[in-house]
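Okay, here's the structure, questions in a sec.
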Amino acid sequence: MEGDDVNMAAAESTETDLDDMKRRLKEMEEEAAALREMQAKVEKEMGSVQDPAAAATSQANREEVDSRSVFVGNVDYSCTPEEVQQHFQSCGTVNRVTIRTDKYGQPKGYAYVEFLEAEAVQEALVLNESELHGRQLKVTAKRTNIPGMKQYRPRRSNPFMRPRGPFMAPYFFAPYGYGKVPRLRMATRYSPYF
């Protein structure tokens, strides 16, 4: 009788374990389905951005905005966007002034000024080498970056590096390794070495 009780208890514990495992498997399947749904939603949103037609229109829009904008270099670090706007107000209606900053929020020393009219860009180019906060501004027409086209910069040579080429051992090292030259010792009667 005891053997039957043990078998019954073992069968009941196996059934409860099996039910627990089925419940956990169902929860995991539901989570996986929710993750697949979220991933499909994100891919759909990303796909609309990477759509070639949408990319072409955004590129055309960017080129149109850049044709109404100027690059302003050598801007004083304490200069505010309002001061830059007042400086370029005589050229035309200023739509936006963007002073670029680094990752710490410090100004980089240049700005972009966007106008409402494209004709204002020619007027703004006249202000090249004008002074703002005691510094001469460098004003040029803003260029449009082409995505995926990075300008190639050749590597500068370092005067402290050895030239690359076939390896040649320097002449000032001893051929026996680590710069030590073996010395020959004379055997003497009282030498501790012999």
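Glycine too: its Cβ is placed from the backbone N, Cα and C atoms.
Quick caveat, the model's predicted, so the values are computed rather than measured.
When I checked TrEMBL for this same protein, it listed these features:
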REGION    1-22  region 'Disordered'
REGION    43-67  region 'Disordered'
DOMAIN    68-144  domain 'RRM'
Quick one: mean pLDDT on the domain 'RRM' (68-144)?
94
Per DSSP, what is the residue count of the domain 'RRM' (68-144) in each of helix, strand and coil?
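The breakdown for the domain 'RRM' (68-144) reads 14 helix, 30 strand, 33 coil.
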